[in-house]
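See structure below.
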């Protein structure tokens, strides 16, 4: 990751525990930094400890409670101080390449990083909630065969600022500043966009802690869901250090099929994965694990598959909800969606066993924003980079 970002960022040495990245223009981007790092950055530019502590508190409030992107409107900071802050610091947002709105109201943004790579995020409005699906990586290493993102190679991890920036940008678009505890349009965040969050653990953890901070965005951990394809060694740590809701991309109940469509199963099998789910901190009947199950015609959608799913969940005594996801096609995809009748029968079998098994309503399909469809121009850039390297 650092080798990719190094072309656009340098590092500023501070008394913080870690170096702080500096932009091409020499300024330090405050978005995504912890309070400790902001204070250290201010001190590195000449402020004493007392002033740095005060300014950190003020900046935090303006960034995460009011959505400020400039210093000149920060009315509780002295006018003489504001130009100095603007000279040395920035409060960024992701660059928007395109924004599309589906006929059903779903919005998809194509975003660009400072070093020129693309990634995507999606906002899904409903009557009682608004869910933002955000990315953790540019590309992915997991190669899930039904997932469009899985056909890309991994370019790099997103930084803390790039992860948090997606939420900030969405709230800009929804006019949700200043932050308010009730009546929000953006009520939920799911880490189900591009990438495997547990393969970018530190940045995802730090970003979500910032999002949950009570003095800023203040989104409850009950409103945040982290999705994994089954990086078993990191799951317990995620529960302990992040503590948000867990979703697992299961998608099959036999080794043969899951090995094919979710190749990480060859490393961490179904039984090992479900045992890790059972041990996830805080799991109980009031806080269930969500299992994602994409419905693929004649692949994983038989009545036998449904009964085996029930058996597995009951064997591991998992408080569970199963989201049945009609497969969303993408160009040259190797699978077809199960028939509505077969999906309904699958749901019925699971539901009759006492396990919630709703069929997810497809959203944003007309703009390639539905589950499994995200795939940005980052892949094309990767191919161009490879061609340059080869030449």
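The backbone N, Cα and C atoms fix where each Cβ goes, and this holds for glycine too.
Look at Swiss-Prot and you will find 120 tagged as active site, proton acceptor, backed by sequence analysis. DSSP classifies residue 120 (active site, proton acceptor) as strand under the three-state reduction. Residue density at residue 120 (active site, proton acceptor): 26 other Cβ atoms are found within 10 A of its Cβ, drawing on all protein chains shown.
Take the CB of residue 140 ([4Fe-4S] cluster binding site) and look out to 10 A: across all protein chains shown you find 25 other CB atoms. Residues or ranges marked as [4Fe-4S] cluster binding site in Swiss-Prot (evidence: sequence analysis): 140, 144, 147.
DSSP assigns residue 328 (S-adenosyl-L-methionine binding site) to coil in the three-state reduction, outside any helix or strand. Within 10 Å of the C-beta atom of residue 328 (S-adenosyl-L-methionine binding site) sit 21 other C-beta atoms, taking all shown protein chains into account. The S-adenosyl-L-methionine binding site annotation in Swiss-Prot covers 195, 196, 227, 249, 250, 251, 328 and rests on sequence analysis.
Look at Swiss-Prot and you will find 133-371 tagged as disulfide bond, backed by sequence analysis. Around residue 133 (disulfide bond), taking its Cβ as the centre, 26 other Cβ atoms fall within 10 Å, counting all chains.
Annotation source Swiss-Prot lists domain 'Radical SAM core' at 126-366.
The feature region 'Disordered' is assigned by Swiss-Prot to 1-20.
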Near residue 140 ([4Fe-4S] cluster binding site), which recorded positions out of 133, 195, 328 have their CA within 10 Å?
195
What average pLDDT does the predicted model assign to the domain 'Radical SAM core' (126-366)?
94
Take the Cβ of residue 144 ([4Fe-4S] cluster binding site) and count every other Cβ within 10 Å, whichever protein chain it belongs to.
22
Inter-residue Cα distance where the pair is residue 147 ([4Fe-4S] cluster binding site) and residue 249 (S-adenosyl-L-methionine binding site), in Å:
11
